[in-house]
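Below is one structure; the comments refer to it alone.
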2 protein chains.
Amino acid sequence: MASSAAACSDDEKANWVLNAPRLSGPWRESVEFSGEESQKDIVMLHGSPKHFKQSTTTDASSEEHMLDLEKNSSSVDRSQWVLNGPEPPGLWHELMDSVRETISYCGSKYSSLKSQPMLKSVVSVQREIFPILVWGRNYSISKFKHDLMAGLTIASLCIPQSIGYATLAKLDPQYGLYTSVVPPLIYAIMGTSREIAIGPVAVVSLLLPSMLQKLQDPGADPIAYTKLVLTATFFTGIFQASFGIFRLGFLVDFLSHAAIIGFVAGAAIIIGLQQLKGLLGITHFPNSTDVISVMEAVWSSFHHPWNPHNFMLGCSFLCFILISRFVGRKNRKLFWLPAMAPLLSVILSTLIVYLTRADKHGIKIVKHIKEGLNPSSVHLLQLNSPYIGDVAKVGLIVALVALTEAIAVGKSFSSIKGYHINGNKEMMSMGFMNIVGSLTSCYVATGSFSRTAVNFSAGCETPVSNIVMAITVIISLQFLTRLLYFTPIAILASIILSALPGLINVNEIYNIWKVDKLDFLASIGAFFGVLFASVEIGLLVAVAISFTKIILISIRPGTETLGKLPGTDMFCDTEQYPMAVTVPGIMIVRVKSALFCFANANFVRERIVRWITANKAKGLKGNNTKDAIQIVILDMSNLINIDTSGIATLDDLQRNLLSEGIELAIANPRWQVIHKLKLSNFVGKIGGRVFVTVAEAVAATFSGKIATTC
Amino acid sequence: MASSAAACSDDEKANWVLNAPRLSGPWRESVEFSGEESQKDIVMLHGSPKHFKQSTTTDASSEEHMLDLEKNSSSVDRSQWVLNGPEPPGLWHELMDSVRETISYCGSKYSSLKSQPMLKSVVSVQREIFPILVWGRNYSISKFKHDLMAGLTIASLCIPQSIGYATLAKLDPQYGLYTSVVPPLIYAIMGTSREIAIGPVAVVSLLLPSMLQKLQDPGADPIAYTKLVLTATFFTGIFQASFGIFRLGFLVDFLSHAAIIGFVAGAAIIIGLQQLKGLLGITHFPNSTDVISVMEAVWSSFHHPWNPHNFMLGCSFLCFILISRFVGRKNRKLFWLPAMAPLLSVILSTLIVYLTRADKHGIKIVKHIKEGLNPSSVHLLQLNSPYIGDVAKVGLIVALVALTEAIAVGKSFSSIKGYHINGNKEMMSMGFMNIVGSLTSCYVATGSFSRTAVNFSAGCETPVSNIVMAITVIISLQFLTRLLYFTPIAILASIILSALPGLINVNEIYNIWKVDKLDFLASIGAFFGVLFASVEIGLLVAVAISFTKIILISIRPGTETLGKLPGTDMFCDTEQYPMAVTVPGIMIVRVKSALFCFANANFVRERIVRWITANKAKGLKGNNTKDAIQIVILDMSNLINIDTSGIATLDDLQRNLLSEGIELAIANPRWQVIHKLKLSNFVGKIGGRVFVTVAEAVAATFSGKIATTC
């Protein structure tokens, strides 16, 4: 076609703008439009708008002829832009680029350091690693007042929660308190978030035993189990720190928002069910965490004689905590009430049990909590145990889940206060605090959502609130553990239970349902996976659904026909824009995916061929050969890439169309796509019919058609 | 920004086209352009080109004002097109649509039948199922001459190949001949391809034993193994027929072109290695097919006393076949020579062995081949064996591989002759022929590449050539099996070996390497998987690499900055089009993927924020606040979909940008994307800054900027 157009004299071509005979309304508009446009282009090149006005008012055909000549050459030029563009970077180059970008951050730091004297550069590296050196210089007594208040508030919430979470993690209660000492101190020095409250959290405390008790039953050998937990904590720290150092923060992104919401909601219910053990005072509780086995255990416990005192005590204090929270929410000034309620409950209930000696009547109590500060646990790490591979896997999963929670928490509060937290730096500090934690008898710590919210509303200013909290916990560990002897376990259960509703975000799940049904599926998949199978399976299901969704959307073999938006040069989906007008005799198709590949190419080809056949049959029936399709324009603007199967299918399509006397043109191919089409000589096969835009392809078609009929 | 623009009087806005003060060259061009364009739009609406010329020639500001008023309203309208478009179909609707499209094919058939009288409709259904009723009516004696010639040629190739492939499949030789009788006959009646030659093929004959001998060792109990093979064949037929009936042809597409090329090349080498058993006369040969164990067996066989006669005999006839092929390729008239060479070799070598009684001197011979036509094998099918699940899995894999080969072969030859073959109908006929085959002692048959090529070059016209071939094989089975008693096994091996080079498509592998490095990886993965692990692992590796590639490309978190193509209204990737000019003060970014989702959204956000920070730092250094970025336009034209994580990230991005005093606008969102953005109220958060094109977003930005400074 291109060659036949070239064979025609330019005079004849010049007429096509005005005399296009077979065209209906919308098409005429577009032809005139592109004609005007190219005239204007030339005017732009010549520089003066005055000239433009002259040229449009003069009707002299010689001028028009000249213009059209230039127009034509300029349109050819634009096709050349597509065809003779620079080569895209190869696979190796792209890989190196992404590596370079990853390290460029450090690189730019390094280069800026080189220009500084030695001492100064050491100082700035130190500042980079320890943000406390930056914010510490402006620290004031007024800030400290806020931090002290916030620190004491979160400490009062933290002490009972830590003991409860340690029980959930099937560790001795003091491990929860240990974990609220060392990691917060290290985070306060290294972390970039000002609000985050570090310590043990519910989801991680559930995740650890659910994966580790398969390797070592905590009931049978608590010390061996504790060793495993500390080793897993060590690995968690190593993984988190290396994510930060190697800038692999994107790994955290692989747990999608929807999946996390569903997973956390499921985990909250599982955690709640685990609390039934403490609340009902059940002795025999299953190791597996799924709903069915827990409900069976609860059911069978009712058949045995059971002690309702535990339940009544727990429930009444649960009501107290919930009411205090309700009051705190109604009256902003009483924000400390919901934060203090757990500690108040602990003190009150412990007093009641101590005075009534209710532990002799079936109330289960915490009993002995080991006194004193964190002992060293270096000797407890088992890096040459036979389970080392499994423990490392547990460490990896826990590292990802813990980071996801911490970064989500950190981000949501930093964005309220309007500052950025650096994801990779956060990972490094979290990793370092867990490594040191694993050496000082702490299990995995991360940012707790409930305590961070309390910290924020208590008006914390800097990570000093974490230091205050840690010191408070140290004091409790040194002097107050004996007072906790009579604390009823049911109270710890009710404190954990009271924190759970915040984890089940029904609103967000409803939003996800409203916006994205497949995301909802991932969410619900994670939820039911956690509930009815196990915690890991829930995570696996969520990740699997998320990635399946990506594959489905990417290769979904959809196509859309394009029409011209009235008044513009744009061709858009006729379904999205009902006002778009299709051009008779031309079929403009866009593939609704980013890849034209083995999995969808054939489907697209078959659909186009079917449409052509249907159109032909209709044309034969109606005897209007005018509307018969003469060219198929494939809009490639949203194809990021094409593979060899896709190119082979395009070859097929071109041959199929040729046998029907229809030509194929492509518009707006992207960089990789046009490169591959050139390499595989497909551009030659379609006679170089490659255009920058659909509009130019349409215009070229009509000019070509007239050339062949002249 | 939008509201401030609205607060300005229209007079002031009217000036922006002419007085845009801060703009550099390319931008000015675009503003004028869009101004002119909208004028023209209105002219189009008013209908008369004359009016257009008048309006451009008159310089009266009142007229311009009026035009600008209308222009503005029309530009608002276009944003409204995006914002108030129809709702996209929901997930359920889309599912139903694709189901409807799948069955519409049959539906349209059915509706066209309803209008016909009863008898006629029965006839057309019959014709649909048995294409022989269509082409049979125009069958002539001249066509039969061609088909007879072609049929005899492929029969001469088929008889030795069938025996060899049966040996490769670890079945008795007669099963290969059986498979060349019933399936070709059925295919001739039902199939749509005219060239395809049906029968046993190399890859399937390798695949069956490699998967089934794990369930039943053919050496230990040949009859039980044969039963398994026949049952697997039955399942293969069932799967193939149901793919056809339920129009699941797209499943075949999941084996990508590149994967198949690599897989077949690997399988060819494995098949070649298997032939070493016959060629060297080795007695102890390993069951596993990987290179290493086969080479070990070959190596150890050299240490035992071995008989070089087999090898010499095989090699000399292999040379004969290869030379005859070379001669046939040089001289087109001797095309029958390479086709006949195998049969000639068999006859000659059998004669030699018979006359010299070489079988007594170590030459291994075929020995007894069971005489007579295909016996019924209904009683051999084991549908209640304990392995039924595994056998069904084997059936599924074999069904896919066999269909892929047959459809590839059929398509490549039908496209040479310029007619379509119907994929779903092909699957149905293949499935039916394998079901019937499994009841008549045949193993899996499909379209053979080598014999189809011979059939084509021998000038076949219709599937009658398959009937001729089947009849020839029937005659051989009845009368000639005794003559094959002395056929040396080394000859069968050399016949199979001679067919292998055609399966290793080095050219195509080089093309794949040139065009697509990741496809090449899939190809090479399949190749080495088959070679060093097993046939199934090779397939698995290929499919896994193909899908990983889809995920990688879909979520690859790339971005590109856009610039204006001179002389057009288009904004393109500045790397692909080096002549594209960026607009100072505006950052136009496009995400290089089809999905803005959990896996890439955060990366994109961080990159934009980093660019903004870098730009700000540069601006501070250079003191030129003029170039400071004031707005980020996100071109969403190639985002097919967005998920809830993506929307949350956009929220984050908007907040990040706001804190720097930068605004966010989006251009050309697709149907699903704008729908979700509206649902999640993101459109409200960015103040409704949604535009149909980047150009309009840019224009609106500048008009807004002027409005705020006025």
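Cβ from N, Cα, C; glycine included.
Summarising the annotation, TrEMBL assigns transmembrane segment to A:186-208 (among others). Among residues of the same chain six or more beyond the transmembrane segment (A:186-208), those with a C-beta under 8 A of the stretch's C-beta atoms are 129-132, 135, 154, 158, 161-162, 165-166, 168-169, 176, 179-180, 229, 232, 264, 267-268, 270-271, 274, 289, 394, 397-398, 401-402, 405-406, 409-410, 413-414, 417, 419, 421-422, 425-426, 428-430, 432-433, 436-437, 443-449, 451-452, 454-456, 460-467, 469-470, 496, 499-500, 503, 535.
Among the features that TrEMBL reports, transmembrane segment is placed at A:228-248 (among others).
Here TrEMBL flags A:254-273 (among others) as transmembrane segment.
Here TrEMBL flags A:308-327 (among others) as transmembrane segment.
Long-range Cβ contacts of the transmembrane segment (A:334-355) within its own chain (Cβ-Cβ under 8 Å, at least 6 residues beyond either end) map to 153-154, 156-157, 159-161, 313, 317, 320-321, 324-325, 327-328, 363, 365, 454, 457-458, 483-484, 486-488, 491, 494-495, 498. The annotation transmembrane segment is assigned in TrEMBL to A:334-355 (among others).
What TrEMBL lists as transmembrane segment is A:391-410 (among others). Through the fold, the transmembrane segment (A:391-410) approaches residues 192-193, 195-196, 201, 203-204, 207-208, 211-212, 215, 228, 231-240, 243, 251-252, 254-255, 260, 264, 382, 385, 421, 423, 426-427, 430-431, 434, 444, 446-449, 452, 536, 539 of its own chain, all at least 6 residues removed from its boundaries and within a Cβ separation under 8 Å.
What TrEMBL lists as transmembrane segment is A:431-450 (among others).
Taken from TrEMBL, the feature transmembrane segment applies to A:456-476 (among others).
The transmembrane segment feature in TrEMBL is assigned to A:483-504 (among others).
Among residues of the same chain six or more beyond the transmembrane segment (A:524-547), those with a C-beta under 8 A of the stretch's C-beta atoms are 206-207, 210-211, 254-256, 258-260, 262-263, 265-267, 269-270, 288-292, 397, 401, 518. The transmembrane segment feature in TrEMBL is assigned to A:524-547 (among others).
Per-class residue totals from DSSP over the domain 'STAS' (A:598-701), listed helix then strand then coil: 62 helix, 14 strand, 28 coil. Annotated domain 'STAS' per TrEMBL: A:598-701, in sequence order.
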Using a Cβ distance cut-off of under 8 Å, indicate which of A:254-273, A:308-327, A:431-450, A:456-476, A:483-504 has the most pairs with the transmembrane segment (A:228-248).
A:431-450
So if I exclude everything within five residues of the ends of the transmembrane segment (A:456-476), which remaining residues of that chain have a CB under 8 angstroms from its CBs? That is, six or more out.
132, 135, 139, 143-144, 146-155, 158-159, 162, 177, 180-182, 184-185, 187-189, 191, 193-199, 335-336, 339, 373, 413, 416
Check for me, if you would, whether the transmembrane segment (A:254-273) reaches the transmembrane segment (A:483-504) - at least 3 Cβ pairs under 8 Å, residues 6 or more apart in sequence.
yes
